[in-house]
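Report on the following structure.
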């Protein structure tokens with residue numbers, strides 16, 4: 001059993017949990033993930049590592065309450081335990097002094113871009129971070145991101161904070177006016193990552209995305225996290241989770257992500273009303 | 001004195017009737033009664049040759065345990081088996097006895113070998129109910145030597161049990177949330193109940209073996225770190241988990257599963273109890289299973305139990321199928337359709353991009369290939385499409401790449417398997433042994449156990465030399 005050290009609601013339905021897991025904390029690096037199981041009947045779900053603390057022996061994960069597992073997780077408080085957490089899994093983000101790095105985050109991926117921004121800054125890059133959200137109430141960690149970014153751009157769908165529009169617009173403008181960007185890392189919903197890839201492709205900017213497919217074991221065994229990259233089958237858990245965004249078959253990926261939509265709805269209804 | 005007549009009829013294994021078992025995940029073969037067991041054991045002629053022992057990869061004292069069963073002393077039988085095999089309930093169910101101990105039984109010449117596997121299973125099942133005390137057999141005094149075993153599948157459990165008996169302090173590291181490896185995620189409940197697996201793992205624990213779950217070699221820790229932490233020897237038994245695919249069009253379409261994913265959802269995550277268990281499972285009405293091994297049979301029979309109509313597509317003939325005959329017969333009885341000499345060449349998808357069909361071509365058998373089996377050759381113009389709303393690819397597996405990336409000093413063969421000495425399991429890295437599927441590629445539970453045992457003996461010699 002692994003105990004939850006603290007819980008914090010960042011914005012409605014998005015929470016960050018610090019979980020005691022010393023072995024994982026010792027090894028964690030930016031870009032990696034963990035797989036956790038809330039209870040004995042629980043499924044195994046992957047969550048990106050948002051932070052870690054070797055001294056305390058903890059890792060932090062950020063999740064949005066959408067499905068059964070995240071709903072069960074959201075009911076837990078500090079001091080409660082989860083059955084299992086394993087990691088750190090996947091390859092760490094390639095960190096180097098690339099020059100200018102543009103980090104793009106959609107929705108609650110703001111949390112997962114944070115350690116990457118920090119590491120990129122520490123490696124001597126000029127870091128431009130673009131964060132997109134539906135409205136100002138869904139933004140969080142602006143100060144934290146500011147502290148590790150040379151430039152922080154906010155976009156909201158309704159214009160309630162930052163500039164009105166989608167997350168791909170600022171980078172498109174930068175590239176059109178000839179600003180030099182050496183690498184882009186985009187993390188967020190599949191559709192946001194797909195459009196980030198489409199935006200940078202004409203400019204030939206190396207663009208990395210962090211794939212978040214359905215997984216079970218996370219160690220290269222089940223094969224359900226497979227992603228078609230440049231016509232090859234790759235496993236997000238052991239070959240990824242980060243891949244060249246321009247080589248991914250996005251339509252196939254998004255179709256795979258929809259595999260269990262009906263089952264997830266059914267499961268969630270039961271989870272939300274346990275007595276029924 | 002007249003020579004006693006040998007009964008050439010094996011006592012039949014009681015089984016759930018095919019119509020009933022298609023509806024449930026309970027065990028198909030329900031096991032001998034005490035009377036059945038005594039009757040079958042009495043067929044053993046206790047020959048001097050003892051070929052059966054030589055035919056067993058872990059060298060169980062077969063004539064001795066059978067003799068104890070004859071007299072009804074099941075506790076003694078259990079102790080005899082457990083001296084050499086910590087996992088009899090598992091072996092009694094999933095070993096290919098027909099090609100091992102039973103194949104060389106003296107009565108096999110009369111086509112009536114003693115049902116050694118069924119007797120082993122009977123004894124293992126008898127034991128937990130009647131004698132709950134912990135470990136059997138004398139344990140050596142504590143050696144104060146520490147061994148790390150990576151992977152809690154058949155090879156790791158056997159190696160750990162053997163080393164613990166020899167007095168060493170053993171820790172197993174397992175990447176999943178439960179111990180057992182392929183016994184838990186791969187083999188279905190109806191062939192190997194999970195309570196049996198956990199009972200036998202608890203027996204291994206009772207020998208003093210510690211099991212650390214949720215620890216991934218190459219990610220949570222490396223082999224070199226284990227040595228730094230004070231372990232003096234490491235046994236690698238991480239199996240071959242990475243599924244192979246056909247590499248044909250639309251193979252990554254949703255609805256096309258690897259057997260490992262389908263079986264993990266069903267066995268490990270109990271998706272057949274969805275939604276009481278959270279892991280979802282999609283089961284088509286028309287399921288195509290590609291492959292002819294035991295894993296293909298397990299996947300096909302699981303899908304039948306989940307309500308599907310199932311067709312197994314295999315590129316060679318029935319004779320060439322690597323699956324155990326008993327499992328092929330069970331599958332046939334359960335209504336699974338077989339298309340032999342048939343090979344998939346592409347998948348089709350519907351407008352949701354979900355799989356909708358599998359285009360195949362007929363094959364004929366040519367000259368033998370490297371495997372010694374006749375090579376399948378496509379028959380020109382024989383293409384046809386098998387409609388399906390789910391497909392399961394069961395072509396075998398190879399070791400996953402995590403170990404290779406994280407253990408400098410290990411040497412690997414081209415298939416990704418670890419190079420290790422055949423008789424001892426010693427790898428090219430000092431202090432590291434390996435056994436089971438990570439060395440051989442996908443093979444059987446018992447061969448993995450044999451390798452775990454051989455390595456344990458060599459590790460023991462090595463520890464004594466330190």
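Just so you know, glycine gets a Cβ as well, placed from its N, Cα and C.
Residues annotated as [2Fe-2S] cluster binding site in TrEMBL: A:222, A:225, A:237. The 10 Å shell around the Cβ of residue A:237 ([2Fe-2S] cluster binding site) contains 29 further Cβ atoms across the protein chains shown. DSSP assigns residue A:237 ([2Fe-2S] cluster binding site) to a helix in the three-state reduction.
Annotated domain 'FAD-binding FR-type' per TrEMBL: A:1-95, in sequence order.
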Would you mind listing, in sequence order, any of the binding-site residues A:222, A:225, A:237 that have a CB less than 8 A from a CB of chain B? A:222
Here the binding-site residues are A:222, A:225; which one has the lowest number of other Cβ atoms no more than 10 Å from its Cβ? A:225
Average pLDDT across the domain 'FAD-binding FR-type' (A:1-95), rounded to a whole number: 95
